[in-house]
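> In case it's useful when we look at the structure, here is the feature table from TrEMBL:
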| type | residues | note |
| --- | --- | --- |
| COMPBIAS | 191-201 | compositional bias 'Basic and acidic residues' |
| DOMAIN | 87-166 | domain 'YdbS-like PH' |
| DOMAIN | 271-322 | domain 'YdbS-like PH' |
| DOMAIN | 388-462 | domain 'YdbS-like PH' |
| REGION | 174-201 | region 'Disordered' |
| REGION | 469-493 | region 'Disordered' |
| TRANSMEM | 66-89 | transmembrane segment |
| TRANSMEM | 211-236 | transmembrane segment |
| TRANSMEM | 242-259 | transmembrane segment |
Amino acid sequence: MTGADADGFARVHPISPFIRGGLVVLGVLGYLVSQQIDTLAAAFGGGDGGSGRGGPAGAVPGVATLLQVGAVALVVLGAILLGLVSWWFTRYRIGEDSIEMRTGALFRQHRQVRYDRIQAVDVVRPLLARLCGLSEVRVESAGGGDSHLSIAYLRAADAESVRERLLGLAHRAAAGPPETAGSPEEGGLGPDRRAGDRPEERLLTVPPGRIVASVLLSGEAIFLAGIGVIAVVLALVGLSPAVTGFFPVVVVAGGRALLRLTRWWGLVIGLRGGTLTSQRGLTDTRTSSVPIHRVQAVAIEQPWLWRRPGWWSLKVNVAGAEIGSASEAASDAVLVPVATTDEVLRLLAVVTDDPETTAEVGSLVGATPDGFVGQPRRARWVHPFAHRHIGYLAGRRALILRRGWLDRSLQVVPWHRVQSLTVSQGPVSRRLDLASVAVVSTVGPVSPEVCHLDRAGAEALRGLVEAHASPARRDEDGGPACNGGPDTVDYEG
């Protein structure tokens with residue numbers, strides 16, 4: 001990070017443009033060099049490659065070679081100049097009430113994110129930037145994908161410093177004016193004033209061996225093993241050419257498994273103030289944060305292959321956190337890809353800030369406690385194996401839904417996060433007098449739903465939602481959480 005100018009704007013690292021376009025530049029240069037390497041060797045090494053096209057040796061071919069070398073040099077020089085211009089006009093400023101970013105020489109852009117709109121601040125280190133000791137700071141705001149801001153790239157220490165400063169300023173903005181935020185120390189902020197002021201408490205470290213084992217016990221790995229068996233059989237019966245047809249499928253499935261491995265390698269979950277922090281990555285590393293007060297719904301899931309080791313994954317819906325590509329958004333929504341039952345319940349207690357709800361979820365993991373409302377017996381026609389596992393438990397502070405027989409899932413929606421309720425009936429459900437209930441939450445991987453309840457049970461759940469959701473929202477203290485919608489019930493089908 002270079003020094004700030006008179007207006008308080010600072011520039012990113014000078015090689016940032018080349019890091020952003022590094023792979024493209026390296027690819028173009030590699031192609032040009034590969035096309036001309038024989039000619040260059042002949043021209044400057046005295047070989048006969050330069051006289052193979054007629055004319056005196058070293059005459060016209062030498063001039064053509066020099067022209068080609070000059071063209072390559074001009075392209076490289078032009079790329080360097082464009083990169084320097086891009087760097088010169090890329091500046092950012094951490095102001096009094098917002099962070100600003102200015103980019104562009106001909107087409108200029110000025111973006112800013114107010115501190116009270118900041119959802120999270122992440123530090124991302126792509127492989128090429130990592131090799132150069134640089135990091136990118138991503139500021140996620142509550143205004144959709146176009147409102148986010150990226151500072152790429154800063155030195156690693158500077159990026160961490162900017163992240164800590166922005167987290168503190170965001171917490172200060174959320175705390176309110178000095179007279180309502182606590183003691184007058186440091187602008188009226190008390191001991192809870194900033195997430196960055198608190199030491200980070202380490203909650204969970206996922207061993208690399210468990211990450212590898214979870215990948216080996218995934219659907220992709222089982223699929224690849226099946227493809228391998230089929231390929232061996234085809235080769236043994238003399239149909240080896242048919243094996244090549246599996247290559248694209250193997251690349252896709254293997255790529256997904258490898259991406260999961262590299263993305264979650266070295267995962268460490270911590271807690272700082274009211275924010276969960278996550279550090280992970282093998283090639284590209286990432287330090288991200290999830291404000292707990294933004295969590296709208298939580299799900300713990302267990303694929304059937306993980307039942308014996310007792311592993312679960314934990315996913316969350318976070319208000320305003322759907323950013324970037326679909327793959328990136330999906331990875332951000334997975335808080336922990338694999339954890340033991342005790343670990344996932346401990347994290348659930350932190351996310352919900354409610355030991356009572358955590359105990360209720362724990363009681364549903366391997367048993368059916370009192371108060372659990374399940375499917376009627378006639379639902380066995382549509383769920384012959386899972387009907388005993390599907391249902392809901394109305395807790396004191398949250399609605400807990402359970403479903404699945406092979407792959408298990410438990411979903412938690414705090415009452416004050418319930419936005420609306422949808423009751424639906426298909427033709428089979430109408431004939432069996434059943435109804436499915438979906439709880440509307442924010443966009444994310446958690447889709448709270450309990451299917452094929454007794455119609456009277458669906459009406460009872462509707463009454464529970466109306467009795468708990470609105471009072472819970474009124475009683476909820478402060479915190480810039482997502483506003484719940486009206487208590488509506490829509491009948492479909």
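Note that Cβ sites are derived from N, Cα and C of the backbone, with glycine treated the same way.
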> Could you please provide the mean pLDDT value for the domain 'YdbS-like PH' (388-462)?
92
> Quick one: DSSP breakdown of the domain 'YdbS-like PH' (271-322) into helix, strand and coil?
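For that range the per-state counts are 6 helix, 31 strand, 15 coil.
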> Within the domain 'YdbS-like PH' (388-462), how many residues are helix, strand or coil going by DSSP?
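DSSP classes over the domain 'YdbS-like PH' (388-462) add up to 17 helix, 35 strand, 23 coil.
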